[in-house]
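Peer 1: Handing you this structure, nothing more for now.
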Amino acid sequence: MDLFEYQAKELFAKHNVPTTPGRVTTTAEDAKAIAEEIGKPVMIKAQVKVGGRGKAGGVKYAATPDDALTHAQNILGLDIKGHIVKKILVAEASDIAEEYYISFLLDRANRTYLAMCSVEGGVEIEVTAEENPDALAKVPVDAVKGVDLALAREIAEKGKLPAEVLDSAAVTIQKLWEVFVGEDATLVEVNPLVRTPDNQILALDGKVTLDGNADFRQPGHAEFEDKDATDPLELKAKEHDLNYVKLDGQVGIIGNGAGLVMSTLDVVAYAGENHNGVKPANFLDIGGGASAEVMAAGLDVILGDSQVKSVFVNVFGGITACDAVANGIVGALKTLGNTASKPLVVRLDGNKVEEGRAILAEFNHPLVIQAETMDAGADKAAALAAASN
């Protein structure tokens, strides 16, 4: 999960990384009030998860609260590379003597952590890496040993930071490592890390990417989720602990096991070529749980997508037998009632398949159509979706 700058700075403050005071807001009037509270010139900064804010007019210096009001009015609603600005950060402006760059990231290619540091900060680091690669130091970090003050100083030194700021920069670099490890991040980046005229080291900007696989031990990270940018159906699925990804097709997919669901997507897409080009509408893996509650939640999410014209349930019974899946489908349709209005093609195979098929046959719901094979089920679901368009 990528964070907004203001969220990254909240984590910086938690780990005592020095930065400038400020607050986030959604209105220009509040931006003026925050500037008045700060009592000094401020920066008005668009909060979007994309680079190039400054060039797009999303970062402005405001000498007075009235300037803050004007800039906030201009920035809110601005389109920056397809991202509409809904929030702005009002932060105290800082005098800058020099700008540096520092980041920690997961180096997947070499299966280690990596620190990157440069005396040339404040510009796109990709440009520096391409045009002047010697200016960007890359220092591997041992996952067990981590970053102590000595290594932090070495990172700063290899980044060619001035000798007079090495010690103070090392302290901040070590604290940024604490953010990286303590918050289960895959990226912590500060660009620029600045030196003020009185030799303070401040993180003026911040970019943090959190590892969603660590959410179970980071409950506080839930508050960082950008619900405005997340598809409402995906949010609804997440509330029920369903592994769901919305796609752009017309055939809803439910399966058990990521591999089977991925195969189902392919088979439905292939079948759709013969039926007006219909495509899968989603990825939904119910895992090993096919209870009535889980199935009802899954169907409720899929049927909430107005693009869905049919649903294909493709389940291979293993530990969760097909009779349990069939009972789950029956219970789900009873729970949903009239909400379930799209045809449901069901293909069961594996453990207790005959019992499962018998349960669905006895239920005899007008929307349920059974299929013997995955290919037949995909073709039927695609045909039904095409006929409804």
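Backbone N, Cα and C atoms are what each Cβ position is placed from, and that goes for glycine too.
Feature table excerpt (Swiss-Prot):
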- K45, G52, R53, G54, S94, E99: ATP binding site (BINDING)
- N191, D205: Mg(2+) binding site (BINDING)
- N256, G318, I319, T320: substrate binding site (BINDING)
- 9-236: domain 'ATP-grasp' (DOMAIN)
Peer 1: Show me the subset of N191, G318, I319 whose Cα is within 10 Å of E99 (ATP binding site); these are the binding-site residues I mean.
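Peer 2: If one measures from the Cα of E99 (ATP binding site), the binding-site residues that come within 10 Å are N191.
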Peer 1: Using DSSP and collapsing to three states, where does N191 (Mg(2+) binding site) fall: helix, strand or coil?
Peer 2: strand
Peer 1: Check the Cα-Cα distances from K45 (ATP binding site) to the binding-site residues N191, D205, N256, G318, I319 and tell me which is shortest.
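Peer 2: The answer is D205.
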Peer 1: Rank the binding-site residues S94, T320 by the number of other Cβ atoms within 10 Å of each Cβ, and give the residue at the low end.
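Peer 2: Counting other Cβ atoms within 10 Å of each of the binding-site residues S94, T320 gives the minimum at S94.
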Peer 1: State, in Å as a whole number, the widest CA to CA span among the substrate-binding residues N256, G318, I319, T320 given in the record.
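Peer 2: If we measure all Cα pairs in N256, G318, I319, T320, the largest is 11 Å.
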Peer 1: Could you work out which of the binding-site residues (E99, D205) has its C-beta surrounded by the smallest number of other C-beta atoms within 10 A?
Peer 2: E99
Peer 1: Where's the emptiest Cβ shell within 10 Å among the binding-site residues K45, R53?
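Peer 2: Among the binding-site residues K45, R53, the sparsest Cβ neighbourhood within 10 Å belongs to R53.
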Peer 1: With every protein chain in view, how many other Cβ atoms are within 10 Å of the Cβ of G52 (ATP binding site)?
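Peer 2: Its Cβ shell of radius 10 Å holds 11 other Cβ atoms.
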Peer 1: 10 Å Cβ neighbour count around N191 (Mg(2+) binding site)?
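Peer 2: Result for N191 (Mg(2+) binding site): 23 other Cβ atoms within 10 Å.
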